[in-house]
Amino acid sequence: MSEILFFSPQPLFSHMMNKNSRLHTHSNIKNTFFSEIGIGISGNSFLLLFHILKFIRGHRPRLTDLPIGLLSLIHLLMLLLMAFIATDIFISRRGWDGIICKFLVYLYGVLRGLSLCTTSMLSVLQAIILSPRSSCLAKLKHKSPHHISCAIIFLSVLYMLISSHILLSITATPNLTMNDFLYVSQSCSLLPLSYLVQSMYSTLLALREVFLISLMVLSTLYMVVLLCRHRKQAQHLQGTSLSPKASAEQRATQTILMLMTFFVLMSIFDSIVSCSRTMFLDDPTSYSIHIFVMHIYATVSPFVFMSTEKHIVNILRG
């Protein structure tokens, strides 16, 4: 399954390892990982609470508020689920049956896919918001709010279908050590797949990632061009200050650009770590580092959003 890990930010923690290998002996890695999960859960909980309070208090929502709130919810659920699974990876075997294993790994796979898709959608929305009135994208500004909810529902169903193969391939870890099993955790394992099925699934994941990341890159480049053009125009208007609306849009765009850049860098880093794992298949340390790297984006992203939200303290104070 190393090909799937290489092509997808939605790995199944598959790792060909001996049952005698105990990841909990690496206490430093374990403590670092659970610290990362704790920080990420706190940050995403705070960001989600902020958007809920913002909605309850009747503040005028922005186009990006729903995707940002959804992204924080996805990351919160994903990190909570990972914390639960990690106890079976790093600490002790929980003795889960096949149904629990299928449910946990399937739900995690869906959440990983939705994280990628929501991030891409957020980048495209910000490009639409920043586009000038003469642009063809400007016509989508008024249509976007009505289609966001439909897009979220459609993508949720789509990723549930894409990840449905997990329900067939995940099973409870057998009592006897079997070399052809891929161990997801101490209680859950991945059944060996045929070369054809593995190749088809890897290709689908690769196409999905190429498409979504290409959308991110194109929308990011488009926003960079617009920001540079806006800055040149501002330099020619001596003595004229930017309006608060333009300033707010510019800050939001810079936040999205920062987040997109960070996401792409983390995807590249994740691919590098995933490739290195193929060279050290029985190394628990490499496996643990990969798990840590996979959740850096979910941990850091809420703090990137909050760093530019000036209304957080005001809303919480009431």
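The backbone N, Cα and C atoms fix where each Cβ goes, and this holds for glycine too.
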Inset, instruction - Check whether Swiss-Prot assigns ASN28 and GLY98 to the same side of the membrane. - result: yes
Inset, instruction - Match it up for me: which of 12-32, 33-53 does Swiss-Prot list as transmembrane segment? - result: 33-53
Legend entry - Residue among CYS136, CYS150, CYS188 that, according to Swiss-Prot, closes a disulfide with CYS101: CYS188
Legend entry - Listed in sequence order, residues with CB under 8 A of CYS101 (disulfide bond) and six or more positions away: ILE170, THR171, ALA172, VAL184, SER187, CYS188, SER189
Inset, instruction - Output the single range from 33-53, 66-86, 102-118, 148-168 maximising the number of Cβ pairs under 8 Å to the transmembrane segment (207-227). - result: 102-118
Inset, instruction - Check the transmembrane segment (286-306) against each of 33-53, 66-86, 102-118, 148-168, 255-275 and return whichever range has the most CB pairs under 8 Å. - result: 33-53
Legend entry - Reported mean pLDDT - the topological domain 'Extracellular' (169-206): 75
Inset, instruction - Answer with yes or no whether the transmembrane segment (255-275) touches the transmembrane segment (148-168) by the criterion of at least three Cβ pairs under 8 A, sequence separation 6 or more. - result: no
Legend entry - Cβ-Cβ under 8 Å with the transmembrane segment (255-275): same-chain residues at least 6 beyond its ends: 2, 5-6, 9, 11, 64, 119, 122-123, 126, 209, 213, 216-217, 219-220, 223-224, 286, 289-290, 293-294, 296-297, 300-301, 304-305, 307-308
